[in-house]
Amino acid sequence: MTLSFKAFQVELDTKHDKYERLVKLSRDITIESKRVIFLLHRITSAPNGEEILMESETKLDLVRQKIKQVAQELMGEDMYQFHRAISPGLQEYVEAVSFQYFIKTRSLVSIEEINRQLIFSEEDKEEEAKPSSDCHNKQHNTSSLKVTPVDYLLGVADLTGELMRMCINSVGNGDIDTPFELSQFLRQIYDGFSYIGNTGPYEVSKKLYTLKQSLAKVENACYTLKVRGSEIPKHMLADVFSSKTEIIDQEDGLS
């Protein structure tokens, strides 16, 4: 009996240690993903957006290296036993990737595309040095991590907040076309979340209210541009939207 409990103790300690390692990795993924998002917001005022996109891709590759460590930790494990440890980081990563994808394509990245980027292969260094004709002899150790549908939806919901900020920044830089484009895109996302409604996970339905607020702020910006855009100097438009945003938040009890 004593030996059995000692074995259980070792098993639990090993699991708890792994859980803590995953929490730390998730925290690193969150921090690095936020840095990518902050970088991408500079694209509205940068003279050369391609440089920022290339830099963001480099930073996302570093984030994927952290996710690769998570995948290696979870090899042979039931991911859902450790899902709460890694979920915040994956949500932030989805937000960063989808934000970059929208800037590039003006569309929403799919969960399949995100998971396709999270398949990692390792090749033996000695085999890599061989000629390409020996490629079939290379040994591949593959690890992967799949973003769950819930993490994907939560990341997309958080994306709407970044798009709202992008709208305000664009107007502040004299870009009056982007807000209307963002408004249409956010409306499509909101319609999609509305189909889920209260039937989905609790976290998703809770995000719906924040998503609605982001959409309202962007639509308000578009309304102001359409009705009063010609009479407000471009350098003052951002201030007008900021004040209107504060009014919306006060009316909804957010501040």
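Heads up, the Cβ atoms here are built off N, Cα and C, so glycines get one too.
Curation does not apply to TrEMBL; its annotations are automatic.
Over in TrEMBL, the protein carries these features:
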BINDING   Glu95, Glu162  Mg(2+) binding site
COMPBIAS  127-137  compositional bias 'Basic and acidic residues'
CROSSLNK  Lys244  SUMO2 cross-link
REGION    122-142  region 'Disordered'
CB contacts for Glu162 (Mg(2+) binding site) [other CB atoms within 10 A, all chains]: 19
For Glu95 (Mg(2+) binding site), the number of other Cβ atoms found within 10 Å of its own Cβ: 24
